[in-house]
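Visitor: According to Swiss-Prot, the protein has these features:
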type    : residues              : note
BINDING : HIS62, ASP101, GLU211 : divalent metal cation 1 binding site
BINDING : HIS63, HIS207, GLU211 : divalent metal cation 2 binding site
Amino acid sequence: MKLSEIYNFLDQLSPFNIQESWDNSGILLGDRDSEISTVYLSLDIDENIIKEASENSLIITHHPLIFKGLKDLYDKTYPRAFIKEMIYKNISLISMHTNYDLSHLNTYFTEEILGFKISFKDKFLIYVENSMSFEALCDWVKKKLNLQILRVSDCGKKDIKRIAICTGSGGDLISKVDADCFLSGDFKYHQALEALSNQISLIDLGHFESERYFSQCLAKDLKNLPLQVIITVSKNPFQYF
């Protein structure tokens, strides 16, 4: 398939025009007329993925490698080194970020990974009506995500009746959350204080931990295309001791 044909398919699946104004989803590298036979799916780009990717292939990531304007590709700093190596190997790059959060990933994570039934949606926020204690909810999340520990903020409510969920970094949405507990990642100190003042408990899922399912979610929609689709092993840049 041509890169343009793959892009058009992805645009039908998850329209790029619904991405946030600050986002940079879409074709970031490549020639629209390039013929593609192999596609790699990954949460992010790293040197191992570029090394293992075949020439003339396509990488589809969740997070855009290019966010801010680059004045040059002179040195070996991030992301310049990756971009130069991909150009050398004629590797194309498409990113599906906030558009895919809205259309697929938040829903997939809530239903298929956490095993909840969605009550309603409000853009990036998924709401679940499911009464349980805060401790029971924490245990449920750890089991479903295979986590040993969670960073939490408990407002003291004994019964959690409504849960809000957002993959990735959802801390900026706290003022809009109408729930007893908010599940997301990358919560900041003052965001936790704001949540406590609003009687909202927080469960920090971790950014990587909540979005690592991007590749398996997208792969199911690409299986009928005449492409070899390879799910790469995305790695969390953080470790816990």
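Positions of Cβ are set from backbone N, Cα and C atoms, glycine also.
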Visitor: What are the other residues, in sequence order, whose C-beta lies within 8 angstroms of the center of the C-beta atoms of HIS63, HIS207, GLU211 at the divalent metal cation 2 site?
Guide: LEU43, ASP44, HIS62, THR167, GLY168, SER169, GLY185, PHE208, SER210, ARG212, PHE214
Visitor: What same-chain residues, at least 6 away in sequence, bring their CB to under 8 Å of the CB of GLU211 (divalent metal cation 1 binding site)?
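Guide: Expected: LEU43, HIS62, LEU105, PHE109, THR167, GLY168, GLY185.
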Visitor: Judged by the number of other CB atoms within 10 angstroms, which among HIS62, HIS63 is the least packed of the binding-site residues?
Guide: HIS63
Visitor: Let me know how many other Cβ atoms fall within 10 Å of the Cβ of HIS207 (divalent metal cation 2 binding site).
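Guide: Its Cβ has 20 other Cβ atoms within 10 Å.
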Visitor: If you run the three-state DSSP split on GLU211 (divalent metal cation 1 binding site), which class comes out?
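Guide: DSSP assigns GLU211 (divalent metal cation 1 binding site) to helix.
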